[in-house]
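Working notes for the structure below.
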Amino acid sequence: MRIRALAIRIIRQFVRDKRTLALLFLAPLLILTLMKLVFNGNTVEPQIGAVQLPAALVERLEAADAEVTSYDDFQSAEQALKDGVLDAVLSLNGGKPAIELEGSDPSNTKMVLLLLQRTMSAGLPAVAPDITYLHGSEEMASFDNFGPVLIGFFSFFFVFMLAGVSFLRERTSGTLERLLATPIRRFEVVLGYLSGFGLFTLLQAALIAWFAIDILGLYMDGSIWLVLMMNLLLSLTALTLGTLLSSFASNEFQIIQFIPLVVVPQVFFSGLFNLDAMTPWLQKLSTIMPLYYGADAMRGIMIRGEGWSDIQLDVYVLIGFSAVFALLNVIALKKHRAI
Amino acid sequence: MSSSIHSASPNPVIDVRSVTRRFGSKTVLDDISLQVERGEVFGLLGPSGSGKTTLIKLITGIDKADGGSVHMLGEQMPKLAMLQRFGYMAQSDALYNELTAKQNLTFFGSLFGLKGSQLSKRIETAMSIVNLQDDLNKTVAAYSGGMKRRLSLALSLLHEPELLILDEPTVGIDPVLRQSIWQELSDMRRRGTTIVLTTHVMDEADKCDRLGLIRDGKLTAIGTPEAIKASSGSATLEEAFIVYGGGVRA
């Protein structure tokens with residue numbers, strides 16, 4: 001009953017705090033929408049300068065969606081490259097093709113190289129392979145690939161901040177002291193917080209997942225229920241971790257200081273960046289990052305259509321994290337009341 | 001004012017024996033012993049930083065002593081069940097400002113196990129004691145400082161505790177309101193409630209049945225205000241406090 005009373009109080013406070021509600025529910029949607037717009041823009045047409053190229057080659061380049069400008073001499077083409085008009089200059093140096101790349105943007109460079117190599121080899125007689133996809137499709141954009149990670153991350157980030165600040169406020173306003181001067185048990189305080197916040201995190205997780213999939217059209221191959229469950233578990237971990245860390249902060253600013261220490265490093269290990277490219281010992285760090293497990297499962301469900309048996313390890317690990325953080329919370333409360 | 005002599009009665013409401021509390025290497029409370037009898041208003045008088053609040057926290061069981069023992073109503077502290085038996089008002093108002101007074105009262109009432117019509121009745125009674133019954137549905141943020149203090153007091157009265165522990169109940173409050181709070185306290189005392197409070201206001205200390213003078217973590221004197229004045233040979237408590245605090249009898 002005390003747990004319920006505490007949960008109801010938290011819900012009432014939330015409902016009266018419109019701004020925080022907006023942060024919790026609208027901010028993730030806004031950011032996801034922006035991300036979608038930024039990363040799903042139209043593909044850029046590479047600008048290629050052709051210096052005295054045979055007409056057939058120019059045609060092939062244009063067929064491959066390149067914007068080709070012809071130049072009579074190498075100098076004027078190179079000047080255009082310097083001026084930033086061109087991405088690459090293609091010329092024939094004694095019968096051998098030579099490519100000079102602008103080179104300041106690696107992703108652009110790769111795209112141009114790929115296109116040039118494709119058109120060069122297109123002349124050779126070769127059997128065109130049959131292309132099929134195990135997961136995803138030809139239309140899959142990079143947003144589809146890291147969208148699942150972002151869904152998890154936003155749930156984690158906003159809940160972490162809110163939980164941390166709310167619990168801190170309970171302490172600094174003196175209400176925690178008053179709360180602990182009633183016969184409430186320490187575990188009841190933690191469970192009350194979990195259930196009060198839990199309701200909002202559940203709603204938030206559902207809203208973010210629905211918005212990303214149905215409105216933004218994020219690639220989705222698995223069960224929405226599994227996505228919701230993973231998202232909720234991630235939020236619970238953020239909730240317990242946020243309240244735990246707030247015991248070590250003495251004001252709101254110090255909660256913010258935890259963000260670069262606790263939240264940002266998790267982003268690097270969440271799968272937004274390729275983990276295989278990291279040094280092995282660094283890769284091992286990911287095993288202590290809740291976001292790694294959440295993102296791994298979310299991506300598995302949404303992109304590869306994984307089911308329960310594939311993600312259950314992630315589920316258990318996240319439940320474990322939450323349980324440990326909650327337990328440490330109960331212990332940390334001892335600082336405020338001897339029993 | 002109480003005229004009985006309070007020397008080690010068999011059933012004190014609060015029994016503090018040789019209590020010591022240290023934070024790191026700093027001794028905040030040094031070998032303090034005192035008893036509070038049923039139905040009296042006991043004041044802890046001392047400057048800020050003297051250890052009053054620490055002593056209050058040990059008595060309520062929020063904090064634990066490094067040495068000595070604290071008993072409340074015969075039970076060794078700290079003990080969770082005892083938190084149901086006393087009402088506590090801390091120095092800060094400790095209210096949820098975004099909620100209404102009623103929501104604050106309902107919340108804390110539920111924590112004390114009150115519900116339904118019993119809870120509504122207790123809320124009504126507590127709010128009429130502090131004269132706030134007309135402001136029940138206002139959000140606390142719209143309350144004045146004095147109203148918050150009174151609501152805070154009402155919260156500690158909700159579960160009809162037999163013992164009331166108040167940390168600086170009248171600090172930062174205007175004289176009129178202070179008088180009305182004292183009026184309420186003496187009414188409660190008449191109904192049999194034992195009251196322990198801390199203060200650093202001398203004329204307030206004069207209204208207590210008995211006083212404990214604390215300075216630098218030591219109990220320098222204990223007794224009725226008259227006895228303390230008499231034994232220090234001073235006309236006012238303020239003088240007496242200086243005599244004791246100055247180490248003449250400490």
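Cβ coordinates are placed from backbone N, Cα and C, and glycine is handled just like the others.
Because the structure is a prediction, the values reported are computed rather than measured.
Straight from TrEMBL, the features:
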DOMAIN    A:109-336  domain 'ABC transmembrane type-2'
TRANSMEM  A:21-39  transmembrane segment
TRANSMEM  A:146-168  transmembrane segment
TRANSMEM  A:189-213  transmembrane segment
TRANSMEM  A:225-248  transmembrane segment
TRANSMEM  A:255-275  transmembrane segment
TRANSMEM  A:315-333  transmembrane segment
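Between the transmembrane segment (A:225-248) and the transmembrane segment (A:21-39) there are fewer than 3 Cβ pairs closer than 8 Å, counting only residues 6 or more apart in sequence, so the two stretches are not in contact. Residues 180, 186-187, 189-191, 194, 229-230, 233-234, 236-237, 239-241, 243-244, 247, 290, 293-294, 297 of the same chain lie 6 or more positions beyond the ends of the transmembrane segment (A:315-333) yet place their CB under 8 Å from a CB of it. Through the fold, the transmembrane segment (A:146-168) approaches residues 10, 20, 23-24, 27-28, 31-32, 35-36, 39, 193, 197, 201, 204-205, 208-209, 212, 216, 218-219, 227, 230-231, 234-235, 237-243, 245-247, 249, 251-252, 255-256, 258-259, 262-263, 266-267, 270-272, 290-291, 294-295, 298-299, 301-303 of its own chain, all at least 6 residues removed from its boundaries and within a Cβ separation under 8 Å.
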